[in-house]
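Copied over from Swiss-Prot:
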- 1-40: topological domain 'Cytoplasmic' (TOPO_DOM)
- 41-61: transmembrane segment (TRANSMEM)
- 62-68: topological domain 'Extracellular' (TOPO_DOM)
- 69-89: transmembrane segment (TRANSMEM)
- 90-120: topological domain 'Cytoplasmic' (TOPO_DOM)
- 121-141: transmembrane segment (TRANSMEM)
- 142-157: topological domain 'Extracellular' (TOPO_DOM)
- 158-178: transmembrane segment (TRANSMEM)
- 179-183: topological domain 'Cytoplasmic' (TOPO_DOM)
- 184-203: transmembrane segment (TRANSMEM)
- 204-216: topological domain 'Extracellular' (TOPO_DOM)
- 217-237: transmembrane segment (TRANSMEM)
- 238-264: topological domain 'Cytoplasmic' (TOPO_DOM)
- 265-285: transmembrane segment (TRANSMEM)
- 286-307: topological domain 'Extracellular' (TOPO_DOM)
Amino acid sequence: MSNAPLVHLSDLQKRLRVFAVWEKVRNDGKVHWAIECFAEMFGVFLYVYFGLGSTAGWVIGNIIKETNLSSILQIGLAYAFGIWFAIGLCSSSSGGHFNPCVTLSFVVFKGFPKLKACRYIIAQILGAYIASALVYSQWNVLIEECTLGLIKAKAYDTTMFTPNGPAGIFALYLVPGAQSVPRALLNEFVNSTLIGMIIWAALDPTNMMVPPAMGPLFISLAYAAVIWGFATPAVALNTARDLGARLFAMSIWGTKAAGSGYSAIACLINIPATLLGVFLYEVFFTDSDRGKLLPILNGKKLKHIFS
């Protein structure tokens, strides 16, 4: 352990008195849980907001036959940057789960408190819902025009609640006639398992190939790679993103926006798949005898990171 002195932000600069007082209140154990939940909510908000914004351009561009509004490449990058921003901005306050799969993995493999996990998951779903509402508001004029166009073309019933319809900006659906539910399940399960392994690799403090500063990019690019390769056959990867956005779609278009049996796959299958990915990493890649010096961290910080 390094003998370098521990320097706090308050040692380097003074904050306004109102912020200093608020910090004391915020860091109190009775209040801090709300700060953690806000961080989880806002982290999910960030990547869903950027991801749905690019998805809106893609869907609307296809409906109005306007090319170059967006692309699968752009959507993948939007989600990747959103995840990167979320980790960089919010993880120091909450630990940076931003995904019910990750939270449940911490419960199972790290002893994360169950009540705290429930709070996190609710906050994560809320973040996706708020992001969806904001994207809908910002794209509302074009969404309404596209909806009216589908009605006039008598294509509303066949297109609206598909990946090619305005509701598909928010809720995830299968491409009609192009993907079966079993294949969608396979697609979701395999990719969620891989994502789980990659996240756990980034969190492994002894994994010298992925130092802490590279972790956010490592995880973000994993999501981008899956979107680039498997978004078209349908992939969700995140219960909060799927359920929060789907609930919003149902708030606008009613129960039809809930989708078919695929909705349960998109919402739930990533959970056991991620747990399997973490289990595989723990079995085949984690090594308790593998050491690594952590000179910039003290015991209190380590406890916060791994709890």
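Yeah, the Cβs are placed from backbone N, Cα and C, and that goes for glycine too.
The structure displayed is predicted, hence computed values, not measured ones.
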Six or more residues out from either end of the transmembrane segment (69-89), which same-chain residues have a Cβ under 8 Å from its Cβ atoms?
42-44, 46-51, 53-58, 60-61, 96, 98, 215-217, 219-221, 223-225, 227-228, 231-232
For the topological domain 'Cytoplasmic' (179-183), what are the same-chain contacts with Cβ under 8 Å, counting residues 6+ beyond its ends?
233-234, 260-262, 265
Counts of helix, strand and coil residues, the topological domain 'Cytoplasmic' (179-183), according to DSSP:
3 helix, 0 strand, 2 coil
Most Cβ pairs under 8 Å with the transmembrane segment (158-178), selected from 41-61, 121-141, 184-203, 265-285:
41-61
Dominant neighbour of the transmembrane segment (121-141) in 41-61, 184-203, 265-285, by Cβ pairs under 8 Å:
41-61
Sequence-remote partners of the topological domain 'Extracellular' (62-68) [C-beta within less than 8 Å, at least six residues beyond its ends]:
142, 145-146, 149-150, 164-166
Kindly state the mean pLDDT of the topological domain 'Extracellular' (204-216) in the predicted structure.
93
In the same chain, who gets a Cβ under 8 Å from the topological domain 'Cytoplasmic' (90-120) while lying at least 6 residues past its ends?
33, 35-40, 42-44, 46-47, 83, 192, 196, 199-200, 216, 238-240, 270-271, 273-275, 278-279, 282, 304-307
Please report, as numbers and ranges, the same-chain residues at least 6 past the borders of the topological domain 'Extracellular' (204-216) whose CB is under 8 Å from any CB of it.
83-84, 87-88, 91, 281, 285-287, 290-292, 294
